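Student: Okay, so TrEMBL annotates it like this:
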type	residues	note
BINDING	A:Thr156, A:Lys182, A:Thr193, A:Glu279, A:Asn403, A:Ser408	substrate binding site
ACT_SITE	A:Thr193	active site, nucleophile
Number of protein chains: 2
Amino acid sequence: MAVNLQIPEKSSVFPVAGIEIGIAEAGIRKANRKDLTVFRLAPGTAVAGVFTQNRFRAAPVQVCEANLASGSEIRALVVNTGNANAGTGAPGLKATHDTCEALAKLLGLSAHQILPFSTGVILEPLPVDRLVAGLPAAIGNLAPDNWFDAAYGIMTTDTLPKISSRRVDINGHTVTITGISKGAGMIKPNMATMLGYLATDAGIAPALLKEVASDLANQSFNRITVDGDTSTNDSFIVMATGQCGLSVDSREHPAYAALYQALAEAALELAQKIVRDAEGATKFMTIQVEGAGNTDEALKVAYAVAHSPLVKTAFYASDPNLGRILAAIGYAGIADLDVGGVNLWLGDVLVASNGQRHPDYIEADGQRIMKDAEIKVRIALGRGNATETVYTCDFSHDYVSINADYRS
Amino acid sequence: MAVNLQIPEKSSVFPVAGIEIGIAEAGIRKANRKDLTVFRLAPGTAVAGVFTQNRFRAAPVQVCEANLASGSEIRALVVNTGNANAGTGAPGLKATHDTCEALAKLLGLSAHQILPFSTGVILEPLPVDRLVAGLPAAIGNLAPDNWFDAAYGIMTTDTLPKISSRRVDINGHTVTITGISKGAGMIKPNMATMLGYLATDAGIAPALLKEVASDLANQSFNRITVDGDTSTNDSFIVMATGQCGLSVDSREHPAYAALYQALAEAALELAQKIVRDAEGATKFMTIQVEGAGNTDEALKVAYAVAHSPLVKTAFYASDPNLGRILAAIGYAGIADLDVGGVNLWLGDVLVASNGQRHPDYIEADGQRIMKDAEIKVRIALGRGNATETVYTCDFSHDYVSINADYRS
């Protein structure tokens, strides 16, 4: 029951010149399921990544970081579902290295040129033999127009695929940006977890792409929350093939702003789609905090509201329960917060001013806003100029049902 | 459907010499409900309190803090349910002051000698006239043996009263310790929230009692969590009348350790009873973190596990979902945590060692522990000698139902 999650027509998902994708059934956890995806990148493609901050980093995350740091040109990605290869120790690391070795041999590359990703059940050994046995079929399937199918191929307990694709004209060049993501909570019932792949046929210099990937993540995948849990496998990869003729090597380049903007819109769309498909979600909530003293303050308040089970259940019930939002602001951790300066809006309705219920506020107005499937909460702290926005969903009976289901 | 919450026989709830309690129906929110409780304290009683850290502190909390700081001898407490007098601004403060003035006049005291408490709906004006009109009836009801009834009188959406009472022999004196608490989540659906009153007929010097109250709270009410939300009204009060003949003026006093221990057991019982009666709780969980580098680290990990909706729903489902617990440890915020040093037990079963599933662990053993209504999670970090314990409950369909119910 995803909230306003649009799936584009297959014909409107544009291939990205320089990238081919192949999908196969390797039977990693269950038979007859597309559970193996390979991306092959043309020479000259710049690649950067952002990974989970969880200390229990899965084996593929560790290998991704090492291979990116090695300075080798990344030429392929391999993604399996069904098993996250997390909490698996030295045997897990070996399984990931074996995967990279096998794919490298098949593609005529070195293992350091591969980025591996795993998502699925954690604390169980990766069936690396089945994975490796599936690689030839994935390679046989390699084609530029497989993004749509790959969005399905990387799903675990997602109910819908997440795809973003656009073409924009920048400085006389037609630039294509296409991406896919998966994840339906920060951690699924034993499923781990969020993956995002974003590609463009514009060129971006490797050092700049690293910064761009970090900036993009901070305004998209790092601004969504479902249940406050962050997984062991979260990964976000940006690829720039440079095949459309436009190449950007610094923030001062005349095309940089437009290119970044287009990438940012795609990343945000992919991130928001994860929230829209979150476990049990019935409402999509935007929490905007403004007037904070700094970014950290703004995020503390936004996440306190976004994580509060009491706020989230109130939204599920379409109950404009102001007290719960104000209480969350109050305990967000700003020690010297003057609550007399706090204003709160639901949609366009000013519900609290100066830390109290606004005199003109009537519950019917709050109720009207709360009935929408898309709700904006705007909080003004009156302390400074920092603004941050996070995206989350409500907390429903289905969330409990889904997460209380025994692992199947 | 509280978890193993024992209600003592009325006859085994001991009065505390020097304290009388009176209960009345003031019709504050609903008619025919005991919603007003007055404590009268004999001269010479030492009183100390610990209050919410929420920046939206309710009017009565502000007045309690001011009156305790004034140095006046506290001689009475007044508690109303039905309205929290929170988020009510200057009129709310005036209502609380008016309450104290009225009770002071009736008891021949000054207003600074009163501690006021309100719990119930927030952001609505306190009907102070009805409260004040009910005071004579409460005073007419004053009696030493009303603790049992007072435990009912301070309930809001609690399903059961929370009472702890004991007599202990300390240095030849029979010391009585009796207390009551209320709260069924950190914030109830618009109900605010946790109150605790603990009294002894031992004497404790005021300066020492202030430290004792803080220590007690840190090991009891500050170690419980239901949903991570802290309310605008949380208050914990300790009263020492000195009427049993034993008086303690320093931590070096030969009776101090035994007296503190008895008070700590009572405070912990009252705090745990709040968790046992938490909204929708079906399991009572003890999260013990040991081997932490310091207290802050231990608490970060314990609360990350205790607050994780994924961990809490897994416990609801009796699912020994190790991955969710390990993931919560991993994102608790210890930046240099070596997960290879982490061990994890469910009850007496070692489920993970060195950051991985323990080789001898079989799921049937975890399952056996998870079926109990009382479950201990023990986490060893292997970093140092700090140990902390927090108490929480599972997350059930009923939690969502209760909190999604429109305010009634």
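The backbone N, Cα and C atoms fix where each Cβ goes, glycine too.
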Student: Report, in sequence order, every one of the binding-site residues (A:Lys182, A:Thr193, A:Glu279, A:Asn403) having a CB within less than 8 angstroms of a CB belonging to chain B; if no such residue exists, report 'none'.
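Tutor: Near chain B, the qualifying binding-site residues are A:Asn403.
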Student: What is the total of other Cβ atoms whose distance to the Cβ of A:Glu279 (substrate binding site) is within 10 Å?
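Tutor: Total other Cβ atoms inside 10 Å, all chains included: 26.
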Student: DSSP secondary structure for A:Asn403 (substrate binding site), reduced to helix/strand/coil, please.
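Tutor: For A:Asn403 (substrate binding site) - judged by DSSP and reduced to three states - the answer is helix.
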Student: Excluding near sequence neighbours, so keeping only residues 6 or more apart in the same chain, what lies with its CB under 8 A of A:Lys182 (substrate binding site)?
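Tutor: The list for A:Lys182 (substrate binding site) reads A:Thr119, A:Ala151, A:Ile154, A:Met155, A:Thr156, A:Asp158, A:Lys162, A:Met194, A:Leu195, A:Gly196, A:Ile274, given in order along the sequence.
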Student: Would you please pick out, from the binding-site residues A:Thr156, A:Thr193, A:Asn403, the one with the fewest other Cβ atoms within 10 Å of its Cβ?
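Tutor: Output over binding-site residues A:Thr156, A:Thr193, A:Asn403: least Cβ neighbours within 10 Å is A:Thr156.
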Student: Name the secondary structure element type, per DSSP in three states, that contains A:Thr156 (substrate binding site).
Tutor: coil
